[in-house]
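Down below is the structure, laid out as structure tokens.
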């Protein structure tokens, strides 16, 4: 079986449910179930090719590697650690019971060679795998994983631009993949209508089926008629439109249409695999990506130019426009749009104050498969954080509107101090039997202290340290030392090869005293690195938070 052919398998994968173990302990059962859950057809964008989300973000290098990972996890002891190199299981080593059970490194290249061209050569030879962020680190939970972050972004945009009220307003965006698919629901929850352009009908069908988008328009005229009707009625309805953003946005400009917010979440970070050139069919795009990759990349970037130029015109008209972290500005800049960065990224514009307090995407998954376990943890979050009415509102909306994909899961943005409190409480719920099986807690790599990405999470840092990637390396090392159950270190997630480095962690709450000790360390230290990183850069909010939380930052005399 060749490296390429072993990427394809027509099979449905579903993680085990219940309390029956297939591995030797919950510490190894958890990564096994979460890897399988990443590839559940309810979760993954293209499970047959091991693609979870984000263009070609995969969970394992090929099907042979997947099989061997599962086989190895089933036999792994609680004092051993499995090493994963770009989706391939390469070694098992004796460590100790408080060490991670799995250590993962995905897509990492020496900086000079950190380009899509070199990566694609390696990938074609079966020597590399693009892990995106949570695809190759086995903690993807479907579009819910980004819904609250997108919701928080839209809410903050409404606060800054429309006096905190998006009723009667509408968002223009594109991309309904694993990440972009969160946009329509997030806009609805924030009170706005949205027009969501997507070039693949299958993705629109997926979002309609899972309740992330409300309706599909038959063409642009129909979409605009619906937008006008719903905004006049003050209804927050999301509309999908099958088409190409590089064609539709310029047409909207020509017609003089004025959205209230404009952004984009196409997979522009990967022009070879993630952005359809205008006037091409998807089938033609995929065929020519194999036969004429340089031609495809050129055509995709040329279309991105049209897309970005339209976004710039909207901005010049006074409409709030922002990059949602897919590196489309960079792609357009590289082929001649010198002012591509005139519109800002979402992190410095709307999210950074949260990062300064270690607040970010805290997520957990019920390994039992029982939705009641999630509903019980929702109630526990409200009990332990009684004064955070914004968070309570989010949890209520999530329960009402968000469909679980695969194993039941929840996301909520909480910060330093809160994460450890919640994790320890969940562990006690497992110990007491209130929850029917262990919980895993993880996060997106998009977090306060775990990523260096100058065109996204670390854009426009106040001290100019945007590209310093020591921070995610330190985050991964500290989470390993603290006893996370698995730790990952990736390159290129979100924005593509050469533009980011980032780390992830997952910890198991199995109800034991040993788990409680690990949880206390990991869920304090992990967000604390974000406060440290921002305090070191000079953000006063972060410095104050560090002092308030008793962090020992020697150069800042915080203790």
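Any Cβ shown, glycine's included, is placed from N, Cα and C.
If you look up Swiss-Prot, you'll see 412 marked as active site, on the strength of sequence analysis. Residues annotated as NAD(+) binding site in Swiss-Prot, with sequence analysis given as evidence: 54-55, 132, 178-180, 198, 203, 244-245, 265-269, 275-276, 324, 494.
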Does DSSP give residue 245 (NAD(+) binding site) helix, strand or coil?
helix
Would you mind ranking the recorded positions 245, 412 by how many other Cβ atoms sit within 10 Å of each Cβ and giving me the lowest?
412
Looking at Cβ-Cβ distances, which residues of the chain lie under 8 angstroms from residue 494 (NAD(+) binding site) while being 6 or more apart from it?
54, 132, 133, 269, 325, 326, 327, 445, 446, 453, 456, 500, 502
Can you tell me the CA-to-CA distance separating residue 412 (active site) and residue 178 (NAD(+) binding site), as a whole number of Å?
18
Just how many other Cβ atoms lie inside 10 Å of the Cβ on residue 198 (NAD(+) binding site)?
29
Near residue 267 (NAD(+) binding site), how many other Cβ atoms are within 10 Å of its Cβ?
26
